[in-house]
Amino acid sequence: MLFNSIEFLIFFPVVTVLYFLLPHKIRWFLLLISSCIFYMAFVPKYILILGVTIVVDYFAGIIISRMQGNSKRIFLIVSLITNIGMLFVFKYFNFFNENIKHLSDMLNWNYPIAGLSIILPIGLSFHTFQSMSYIIEVYRGKQQPEKHFGIYALYVMYYPQLVAGPIERPQNMLWQFHKEHSFDAQRVSDGLKLMAWGFFKKIVIADNLALVVNSVYGNPTAVNGFSLVIATYFFAFQIYCDFSGYTDIARGASRVMGIELMQNFKRPYFSKTISEFWRRWHISLSSWFTDYVYIPLGGNRCAKWKWFRNTMIVFLLSGLWHGANWNYVIWGGLNGFYLVFAIISKDIRGKITKWTGIDKFPNVNKVVKVFCTFNLICFSWIFFRASSFAEAVTIIKRIFMDFSLKIDIGRAGVSRYQLLLSCGVIILLLAVQLYQRNRKIINDLNTRHVASRWIVYYSALIFIIIFGVFNTNSFIYFQF
Amino acid sequence: MKILRKSIVFLIIFLISTEIIFTYAFPARYVYNQRINYEVFKDNVYSIELAVKSIKQTISRENIKNYYIFIGDSVGYGTPCPPDKTISSYLNTISKNEGKDVKFFNLALPSTMFGDYYTVLLLLKKYDVSIDNVILNFSYWEINAKTPTYWFNHYLKELDNNSYNKMVELGAIKEDSLWKNIKAEIYHFANRNIGIIGNSGFVTNKIKSITNSLLKESKPALSVWSSKADLKNAMTKPENRWYFSDKKFNLTENGIQIYFINKIIELQKDKNIIFILNATNNQLLENETAKQGYKDNIAAIEKLFNDKNAKFLNYNNKVDYKLFSDHVHLLPDGYAFIAQDLWNKFDKEI
């Protein structure tokens, strides 16, 4: 079920009202059933995959907590193999199989294994990582195993964050399911406002930008380099609003019921460095890789080459996490390279800053840094958005070889109205984000006079209805 | 609870104020300007109701007694010409120039079938807009199309459930699931009863057209078919070939299009309806239109309407090939020619 669908418009109030009407003891059951319905609205049979991982991890968690030494490790490995195995079969098998086949063809070997004709279950990477997080935390002794099977199942399946995160940790979620949450009008109101902002980001900003981006990226040879740069900038905001919009709706829906989900984005395009960007973008995934891959590999407290290796491993894996496609791997690799290069060039960059005298103007320095970081990230988005490596190369070539300051985006079928609207919504987003630098817009609104508050709500609602794109576009991150 | 009460009060205020702005203070010309706004319609079929309401308002405001409703396909709609260069708009100009007190309203839409035409007539009847005088244009292939409706399944179900069920029985319409039906009802209810939702497409469209004109967005120029290099090739592609098929048409009484032609004739009994078969570009489609099967089908269509004592005009071979913009659509001069010809033929009746 998509958040931006009429089904959800009915589903959400019904579940929420029932949640508050029912006694605390059976609320978990309501949420679990609702989550099953929510997930089964996509492809019903894939709930079995979830079922298998839930059962395996539930028992593995209990057993691991009772074991010591090697036996404990064996059950951890069994659980991880089950989770990663599912992920491999459904998401990566065909990718690796095809690549091995290509290699075999090149070497004139006979490779007999055929690909699987299966559809990727929605949100597989998200709930698998969440399950793995639980098992690892129990193994490390940082989390008591959850004895209540229903609550554990709910931890994996909780509908607001089931298909596109945030990837939660057991320490943040399990206790919240046990705690009784009474109806709090202010909290409900805040949750609804967060949801509304999420819908705004998705329906008005992301889906309008998608119209331009899809037209240009669907026909990249029709336009010049400048138009491709504009489309890539638009994609940067599209993917941000699409994904952070989803997160806001998820967090808002959950807040209404009294369950707080972690923040997944902190105004990432205002980052001054690439490493800062990754601390502010898809935080739940970045921290997952940091905690469970980067630090166990040695993090940055080791020899420099190992530090670089660890960084590259994390980002290549992060790329692969997004999709079984070389473009994602390159995207991840490129971001890893940025970080390694940043470490290597730290002294030189410092010297350049001093030499140019820009360090005497901290605000200018900041703007330059944000601009550079944003452009580097946008460059990597080309690989993320292009349908193939060859297409990404074509786009990059055109950006550098066919650049003129003339916007010919109309040649890809984009009207000037659409272009203007896209620029307008981006400016609006940036204005809101700048406003939110030191304060929270929701808290601020609550202190305003009732009339001005409602003018804002009315305007937002009218804006959504008039400028929203209502053809229920799926969220980009659902495919991961 | 206080906050909930407050929210409900403010929501009611919001709905009432937007209802006033978007329903009563909303200019009717944004909804219907010489024809339906197809840009809005294709995303929201329920906007047809607003167009009908808008026509009704105009009729009542201007106290129009004598008028024709033009229904039909993209040729009647006037593709690819602007709204003031369609058959109905030219007819309005001629009528005005001749000092006649007759108006023409255009409710034609691209990609329509006979089930759609019938449903539009029922909708007009529902809104008490007279269907005493109707002009209906259609294209050669429509009479043999496999689907009875392209746009108005939902309205057909609502306005003539028996016909809808008959089409479901014949397998011509696939019945939607219960949930899809509920969703359609919700959309319909919202579009019909909540002004801001029903009119939002028109507001966006208006803003779009103002912006495009301010930014001097160039519109694609109208061009004659012979200047379109790929057109001839495109017409030979399998997906286009069926348009001018020479296979014998099923024009028996059990054909689904015939069912709706009969329904239209039955509905228009004692009323005036003129059926028009669109002209075909015989230069572009010289191979297709030269085939005996094609000629036989045209003759059979003529016979069908003559047998039913319906007024029928066949524009095949009547329009100069230089006036076409593609296989059936015309340039402004082509539409003006049809309008003048229609006026000349029905001048006495009008």
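Cβ atoms here come from the backbone N, Cα and C positions, even for glycine.
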Correct range for transmembrane segment (source TrEMBL, candidates A:195-210, A:307-322, A:387-402):
A:307-322
Could you check if the transmembrane segment (A:48-67) is in contact with the transmembrane segment (A:6-22), meaning 3+ Cβ pairs under 8 Å among residue pairs at least 6 apart in sequence?
no
With Cβ-Cβ distances below 8 Å as the criterion, list the same-chain residues six or more beyond the ends of the transmembrane segment (A:222-241) that contact it, or say none.
201-202, 205-206, 209-210, 212-213, 216, 265, 268-269, 374, 377-379, 381-382, 384-385, 395, 398-409, 411-412, 419, 422, 426, 429, 476
Spatial neighbours of the transmembrane segment (A:307-322) far in sequence, C-beta under 8 Å, 6+ residues away:
92, 125, 129, 285-286, 289-290, 293-294, 297-300, 328-333, 335-337, 339-340, 343, 384, 480
